[in-house]
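Read through the structure below, which is laid out as structure tokens, and then see the notes.
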Amino acid sequence: MAGWTVGKKVLATALGMGATGGAGLYVALDESVKADLTLHPPKLPWSHKGPIDSFDHASIRRGYQVYKQVCAACHSLKYIPYRHFVDVFMTEDEAKEEAAEVMVRDGPNDIGEMFDRPGKLTDYLPMPFPNSAAAAYANNGAVPPDLSLMVLARHGGEDYLYHLLNGYCDPPEGVELGEGQHFNPYFPGGAIGMAPPLYTDIIEYEDGTPATQSQLAKDVITFLSWTAMPEHDERKKFGMKAMLVLIPFTALCYYKKRQYWSLLKSGKYVY
């Protein structure tokens, strides 16, 4: 470039700036198109989101019923044992009965053979498929994700999942879906392999609560929030107890600091 004329240098600079600007414009337009295809879920007033609010345990129980009767056919909760149900939304006897409904593969026994036995409190919730290959084969090649930590794994948490469950609609003109896919503007890309899972009165709640679609979604997401954060209520209780200690302790420290430094600040030294 040392031998280039001023005109060539100006032309090269202009071409470089034009290429950079064009690339930036392409990326900006591409991202804006993607943004138009994916909706951002608005925030909802969840009852457990306040600094001193606890989970609605009746909602957790209903949400488990929704998971068991609707979601468990495809989605697992592999990190949740039955013992976690005790004193949260079931009594110990209810949790034992719930676990005993499932046959668990165990062993080997005294002669080296595997056997099936009723579930115990220490067992984890059963997997809907033996492996990921079987899950993909049964779901058009898509493996349903585990839901244990789903609330924490998705941006937007409960809000995203609620709008995802209730956001199915017809695809806009020009959007093509593959076989077995459905359109949901809250799902990245819009095309989701899961069919709309919730409908009004798809199940009947044990406590008589009207099983509207929005109620079903609220309850199952509250349950999934609990599976992701089973320590939620205890953590907030501990925080409140800590504040009861820290606030007066901080006030005492501030008073002692003022008392100590006031002598140094107001004292006079004569030499």
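Here the Cβ of each residue, glycine as well, is placed from N, Cα and C on the backbone.
Summary of the site annotation: TrEMBL records heme c binding at Cys71, Cys74, His75. Screening the candidates Met17, Met103, Met114, Met194 against this entry identifies Met194 as the one listed for that site. Highest Cβ count within 10 Å among the binding-site residues Cys71, Cys74: Cys71. Farthest C-alpha pair in the heme c-binding residues Cys71, Cys74, His75, Met194: 11 Å apart.
Computed over the domain 'Cytochrome c' (58-210), the whole-number mean pLDDT of the model equals 95.
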